[in-house]
Amino acid sequence: MIARVEPLTTTRRLSGPFDYRVEGAVEVGALVRMPFGHQKLDGVVVGVAETTDVAPEKLVDVTSVRGDSIPRDLVDLALWMAEEYCSTPARALSLVSPPPGKAKTAFWAEATGVEGRVNASQEALLARLPGPAGGDLAALRRLEKRGLVAISSRVARRAPRTNPAADRLVDLSDAQAAALAAIEAAPGASHLLHGVTGSGKTEVYLRAAAEALERGEGVIALVPEIALTPQTVARFAARFGDTVALLHSALSEGERYDEWRRLRTGEARIAVGPRSAVFAPVSNLGLIVVDEEHDASYKHEGDPRYDARHVAAYRAYQTGARLLAGSATPRPETAHSTKRLVLPTRVAGGRDLPPVRVLDMRGSHHSLHPDTRRALGASRKSIVLLNRRGWSNFLSCKSCGKAWECPNCDVALVLHRAEHALACHHCGHRERVPSRCDVCGSLAVARHGAGTERVEAELRHALDVPVFRLDADTAANKDAVPELLARFAAAPEGLLLGTQMVAKGHDFPDVTLGVVLDADSTLRFPDFRAEERTFALIAQLAGRAGRGPRGGRVLVQTTSPDAPSIVAAAQHDSDGFLKGELERRRAWRYPPFSDLIRVVTSSLDDARPAHAAATRLAQEIVATDTELLGPAPLFRLRNRERFQLVLKTTARAEAIAATGAAVEAAARDRAFKDVNFSVDVDPT
Ligand code: ADP
Ligand code: ZN
Ligand code: ZN
């Protein structure tokens, strides 16, 4: 038999697949090891045939075939991704490949029921059977020889720990029941479940999953970063038990392998995890849930730069599964393209959303508005969001104006006072805090702006409650996050301060105040999604405050009180925001009224090669109904000079194909051997 194999090497771009001979039968998705030139490579069988054009004397055998294999629909999915994201089959296939590892076997002992003379310790041993042999294997083997015990080996599961959640069986509200009925009535359809935090979305996911299991179908439930949203995972686990496989990055290698295998064999039928769980080997897939569908973590920043929401839509289309996305703040494109099911209110017992007040900070030089100060002083538990970490965002000399910048990137260095360092948030460069200006010698170095570290110090000084800071600096250790959140949850009084991490799905019923400092930090972003992000951030924070019987309120400090996102967030007007935002997008021909493709070229130290490559791509990429913007310079990053091209297209497939072909040709051209190319389809 002939196997068409894609080598899994990601260091070189190979024009596979390559034909190999296989003894016996082999299927698409098989993982093989094979000779390749002078080396041995791993590969994936992407096709099988009876004959080949390769000359018989050149045809070689694969070396070995692994026990695990990739399901065929995932091979197809990966090959589609390689095209869709202008990547390579090797990179895309490695995303759907089983994790490294193998099953762990353990010994299991049972008493045979045969009577025999045993001593006291042997009697104790027999009394705890049947059970795992564990450390008593040698003693049990002796009893086995005498026919008193039977020992067998079986696969031992290395099970991830989950936080237990209590499961409550509830009667669905009318809105939930209507949503579930609509989902059930339309196999293969996509729906958007739009409802505020606490409106009962998760309960609908769980019911839809139960219906799928009932039909013998499998389920994938995607959630944002697990450390920040443990509740959803815990509720799936509580309701469905061992049928749930957890696939997240904090698992040990053995746990991850076992969870993958439980799905592959069908022992587990529900995969729950972050974006990469979209590749879970679930057979007969009936439902894909995308919780918090607006969350930025669904976009992968490696190669291929896939968006798990787009991949989920393709996988649902490919397998005929239902797609169910949910959010309190859905993306305008999802609201535009998907049938919306609305859960209009919080479920029985839940409070209405807290009032939101906008505080105008124009002309103020303080990080806290006097009303914010007062409100924080009066509140026992609050959450404060400031989407910027560090102490000051930049330093400058008061005499000569020198600004401290990263030597590798054209960006300002951020002061981190606790570490006595200036740090670059792009490349990680660090240097000592200057005591004087190295240009003019002045001792007057000004610190501008405030990040979480500085506000933490201010709040500790001004208030009498413990302050818990959550940002990329305090969360550098992944285990620290759940621990910090648990301490805040348990504290009778406290203030949780941090970047957007504090606005994710936590449920703290006793929080009565939410504050957004400098809401402009997301609005200032030069990106067509700036309004969408700002609205989502404020609305998500409002969803965190006032969940308990004491209610609550939200304060938003901004210098742009008239921005559409801020006005809409203050009125909890999600529908109004979506409508206005879609009108703005239509006027500017932004997604969903076009698709964007971003190409970045870069070269070390010298801008000329990157510029030349971008210029050539701008000439070569031609597609109908496609507008090309650039090349435009980007700020220098890690000593690389960068240029970007943006394609705005309504002929998506054609534009992707044209971009892929032009970039591939340029990357092979000797003239651009010092240039790196990166393609981002649907950049965020
Ligand atoms: P969301 O996912 O929109 O935040 P959840 O599904 O988590 O909402 O529901 C919020 C809370 O209300 C949960 O504690 C849930 O168990 C409970 N709940 C959900 N649906 C109902 C219902 N129909 N009746 C009573 N309680 C419900
Ligand atoms: Zn100076
Ligand atoms: Zn840098």
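A Cβ is built for glycine as well, from the same backbone N, Cα and C atoms used for every other residue.
Given the structure is predicted, the values throughout are model-derived calculations rather than measurements.
Record features (TrEMBL):
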type    : residues               : note
DOMAIN  : 182-348                : domain 'Helicase ATP-binding'
BINDING : C397, C400, C437, C440 : Zn(2+) 1 binding site
BINDING : C406, C409, C424, C427 : Zn(2+) 2 binding site
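Feature map: annotations from TrEMBL on the structure.
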residue	record	contacts (Cβ under 8 Å, 6+ apart)
C397	Zn(2+) 1 binding site	A403, C437, V439, C440, S442, A444, V445, A446
C400	Zn(2+) 1 binding site	C437, V439, C440, S442
C406	Zn(2+) 2 binding site	A412, L413, C424, H426, C427, H429
C409	Zn(2+) 2 binding site	C424, H426, C427, H429, F635, R636, L637, R638, N639
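Only C409, C427 of the binding-site residues listed as C397, C400, C409, C427 bring a Cβ under 6 Å of any atom of ligand 3; the order follows the sequence. The DSSP secondary structure for C427 (Zn(2+) 2 binding site) is coil. The binding-site residues listed here are C427, C437; among them, C437 has the most other Cβ atoms within 10 Å of its own Cβ. Per-site Cβ counts within 10 Å over the binding-site residues C424, C440 peak at C424.
In sequence order, P407, N408, V411, L413, H425, H426, G428, H429, L637, R638 are the same-chain residues whose CB sits within 8 A of the CB centroid of C406, C409, C424, C427, the residues recorded for Zn(2+) 2 being left out. In the three-state DSSP classification, C440 (Zn(2+) 1 binding site) falls within coil. In the three-state DSSP scheme, C397 (Zn(2+) 1 binding site) falls into the strand class. When the binding-site residues C406, C424, C427 are checked against ligand 2, none has a Cβ within less than 6 Å of one of its atoms. Apart from C397, C400, C437, C440, the residues listed for Zn(2+) 1, the same chain places the Cβ atoms of K398, S399, G401, K402, D438, V439, G441, S442 within 8 Å of the centroid of those Cβ atoms.
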